[in-house]
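Everything on this sheet refers to the single structure shown next.
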Amino acid sequence: MEVTCLLLLALIPLHCRGQGVYAPAQAQIVHAGQACVVKEDNISERVYTIRESDTLVLQCLVSGHPRPQVRWTKTAGSASDKFQETSVFNETLRIERIARTQGGRYYCKAENGVGVPAIKSIRVDVQYLDEPVLTVHQTVSDVRGNFYQEKTVFLRCTVSSNPPARFIWKRGSDTLSHSQDNGVDIYEPLYTQGETKVLKLKNLRPQDYASYTCQVSVRNVCGIPDKAITFRLTNTTAPPALKLSVNETLVVNPGENVTVRCLLTGGDPLPQLHWSHGPGPLPLGALAQGGTLSIPSVQARDSGYYNCTATNNVGNPAKKTVNLLVRSLKNATFQITPDVIKESENIQLGQDLKLSCHVDAVPQEKVTYQWFKNGKPARMSKRLLVTRNDPELPAITSSLELIDLHFSDYGTYLCVASFQGSPVPDLSIEVNISSETVPPTISVPKGRGVVTVREGSPAELQCEVRGKPRPPVLWSRVDKEAALLPSGLALEETPDGKLRLERVSRDMSGTYRCQTARYNGFNVRPREAQVQLTVHFPPEVEPSSQDVRQALGRPVLLRCSLLRGSPQRIASAVWRFKGQLLPPPPVVPAATEATDHADLRLDTLTRDSSGSYECSVSNDVGSATCLFQVSAKAYSPEFYFDTPNPTRSHKLSKNYSYVLQWTQREPDAVDPVLNYRLSIRQLNQHNAIVKAIPVRRVEKGQLLEYILTDLRVPHSYEIRLTPYTTFGAGDMASRIIHYTEPINSPNLSDNTCHFEDEKICGYTQDLTDNFDWTRQNALTQNPKRSPNTGPPTDISGTPEGYYMFIETSRPRELGDRARLVSPLYNASAKFYCVSFFYHMYGKHIGSLNLLVRSRNKGALDTHAWSLSGNKGNAWQQAHVPINPSGPFQIIFEGVRGSGYLGDIAIDDVTLKKGECPRRQMDPNKVVVMPGSRAARLPSPQLWTSVTIFLLALQR
């Protein structure tokens with residue numbers, strides 16, 4: 001009955017299967033990379049274990065209609081961690097040379113707009129074992145009662161690994177333990193980073209002076225080998241000790257060559273020396289060789305701390321630090337404090353006046369200041385005092401105080417900073433005190449309070465400062481918290497009060513504050529003003545592009561909406577159709593105040609009014625465009641990817657058929673679909689077969705089906721499907737179909753494997769044998785292969801047909817075995833029959849064995865069938881009965897004979913429930929190879945097909 005239905009389906013290519021095939025996404029994660037193991041833990045969590053630097057490959061197998069889109073995301077270590085910002089939109093996630101930091105939980109999210117998304121996860125556990133580190137520490141305790149000292153040595157071994165490492169301590173080649181030696185103790189310390197085991201040598205004895213090895217192991221998980229480190233303990237073992245050739249603080253002049261030597265004064269084994277600089281790396285041109293550090297032509301930027309560290313894994317590292325100071329003077333500033341008690345902000349005769357001077361110096365405490373008045377050194381008196389380190393001012397600041405200011409005190413004061421006896425040039429700053437010296441005021445020039453510019457143009461914000469002297473102006477943002485200026489600074493100094501901005505952007509809009517600085521001017525309350533910056537930019541609209549579908553004769557409304565812009569209004573809107581200007585649409589009185597969108601209404605959609613519409617919206621700064629593609633075209637079909645077993649092969653004819661299924665996307669949006677145009681093209685070929693598929697009214701969610709026949713095994717094809725309505729051709733959809741043989745189901749053991757697919761029906765090569773089976777056909781055979789052995793073609797006799805064989809040429813030797821293992825089957829019947837074709841031709845043929853591997857309790861292999869020796873240049877068929885008691889696998893084992901003329905092949909393997917045919921040909925059914933004179937009878941399967949076909953016609 002099933003065969004009759006199949007023939008009828010072939011006669012009627014298209015039929016429908018109800019409605020509602022739209023289904024939410026389903027997902028399953030499988031691995032295809034270099035996994036060590038994939039297991040389920042106690043809380044049903046999938047764990048994927050992989051070795052560091054191997055390749056991680058995870059596949060998210062999805063089902064659902066329409067075809068779901070897949071997104072991969074990751075958390076660090078647990079479900080509570082935040083997702084990474086980066087995502088992978090692909091069904092396959094591949095990470096080359098995975099690192100330990102890439103372990104964690106990976107999520108596959110599949111969604112297709114139907115129902116809720118499907119989310120599956122798997123935890124990736126990256127395994128690694130670093131090189132161990134061994135350090136030695138010792139303590140000496142004074143036991144006063146017995147007048148001797150007890151020396152205890154601790155050997156600490158630390159390693160980073162996953163999973164946790166196992167430690168083995170050895171003295172020489174002997175393994176140490178508590179029970180065998182009372183003088184040792186092995187324990188795990190508390191509060192340590194990484195994994196650590198300590199070997200404690202109590203009250204050191206002469207035999208304790210030896211070589212000690214710490215061996216770490218992760219028990220060969222993922223094939224990670226053990227690692228070890230050895231240390232030789234002697235009576236001279238000691239931690240490193242250092243001294244420097246210079247003082248810990250070294251002050252030099254710029255341009256000098258600096259050499260610092262770090263000298264070892266102790267340590268066994270010989271310590272290693274290392275120089276470092278903080279912050280940052282060693283200066284460019286610096287040379288660290290052994291314990292000597294050389295810096296040629298040192299500059300101010302080279303100042304900092306230089307560290308010399310000695311390590312020999314005994315005790316703590318020895319460290320010495322040199323603070324290198326390169327003399328420099330920069331940034332001279334002054335302040336005028338008009339009233340020391342701060343009751344007035346103006347300079348007045350009879351009041352005290354203070355002038356302050358500061359220079360940024362290295363070293364700061366070594367700088368000296370000297371004051372001059374009108375070019376002469378200022379003389380100290382009761383009314384003229386010079387102080388240092390004013391608490392209200394920065395450190396190492398010099399102040400000149402004028403008590404009871406007189407008219408004679410007016411003049412020009414000069415502050416000079418210097419390093420005495422140093423070639424570093426002096427730095428000075430000048431300030432004039434007179435009746436014209438007044439505190440500052442600040443204001444915004446008229447008409448400059450609001451600055452309006454276009455995006456991308458330069459802008460200049462200006463504040464005017466009056467007063468004498470005029471201090472610098474400091475700019476900052478006002479209306480945005482913690483917002484930085486375009487320069488990246490929170491506060492920017494401008495000497496002329498102008499803040500210049502290049503290529504302003506819309507996010508620079510806002511309020512800016514200008515204020516006077518308290519240096520290089522009066523030390524009074526800062527004066528401030530504000531400037532508003534407005535940045536005009538072109539409009540942004542939606543939709544930028546939209547596909548509008550509608551049935552012929554129906555109205556269409558097109559709307560272009562303003563999202564943002566400055567100014568935020570539509571000044572004008574222009575519509576075009578196919579590039580031609582359209583008259584302005586009629587103004588609707590109720591919408592005359594609408595300035596955020598522009599509409600165009602088509603009363604009736606026709607073929608002539610279908611096409612491209614463009615709306616150009618302007619806000620007097622620029623314009624933006626909405627594009628509409630209006631038509632009555634049908635949407636594209638949606639291929640159905642969840643068809644069970646869509647491929648049906650016909651091995652003897654070398655053809656196969658494919659069940660193509662699809663739904664129509666939004667069929668009610670346009671006119672009804674009348675038919676489909678189907679194009680079939682074999683890949684790497686130019687010619688295509690085109691067919692028309694008529695349909696009746698198509699409903700949304702209705703599954704349509706067409707059976708593609710006469711496809712050649714094992715070729716792939718490009719399928720193009722285009723719907724047609726009264727409007728004409730709709731959107732085309734395409735996909736590639738591949739010939740695949742079904743991977744045998746664990747429960748349905750009634751499939752034939754022809755080996756035409758690279759997946760070979762789920763069969764795998766045994767990892768414990770000597771060599772592998774090979775898949776090939778007449779076209780892929782080695783032209784230099786050994787003659788007089790092996791089949792020229794597969795069972796069908798066509799050059800494209802594949803089969804499995806063993807190549808027995810060198811380096812194969814007598815008795816080498818190749819095993820091909822089937823998928824695991826669940827035993828649902830008492831008896832099964834394994835049928836297959838074999839080819840055993842050649843004078844050195846060994847043996848072909850069929851084994852059954854039972855999975856009830858472990859893996860137990862039993863022989864079910866065996867054949868040896870030359871059986872002629874012909875394919876022969878065998879039927880082997882088996883009766884497994886539980887889950888099982890079948891194994892084809894090829895054994896190499898005495899020479900290279902011993903190739904064995906198999907093809908068309910079938911596993912069926914029930915007993916094998918009782919009448920079998922002897923030795924077995926023979927299929928004569930092409931070119932033989934023996935006659936070939938029509939196969940009984942062919943007669944059966946013809947009979948059923950005639951019966952179907954009669955009905």
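Just so you know, glycine gets a Cβ as well, placed from its N, Cα and C.
As given in TrEMBL:
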SIGNAL    1-18  signal peptide
DOMAIN    24-123  domain 'Ig-like'
DOMAIN    132-230  domain 'Ig-like'
DOMAIN    240-323  domain 'Ig-like'
DOMAIN    338-432  domain 'Ig-like'
DOMAIN    440-532  domain 'Ig-like'
DOMAIN    539-631  domain 'Ig-like'
DOMAIN    643-743  domain 'Fibronectin type-III'
DOMAIN    751-918  domain 'MAM'
COMPBIAS  779-788  compositional bias 'Polar residues'
REGION    779-798  region 'Disordered'
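Per DSSP, the secondary structure of the domain 'Ig-like' (440-532) breaks down as 3 helix, 44 strand, 46 coil.
For the domain 'Ig-like' (539-631), the DSSP-based tally of helix, strand and coil residues reads 3 helix, 51 strand, 39 coil. Averaged across the domain 'Ig-like' (539-631), the predicted model reaches a pLDDT of 90. When DSSP labels each residue, the domain 'Ig-like' (338-432) comes out as 6 helix, 42 strand, 47 coil, counted as helix, strand and coil in that order.
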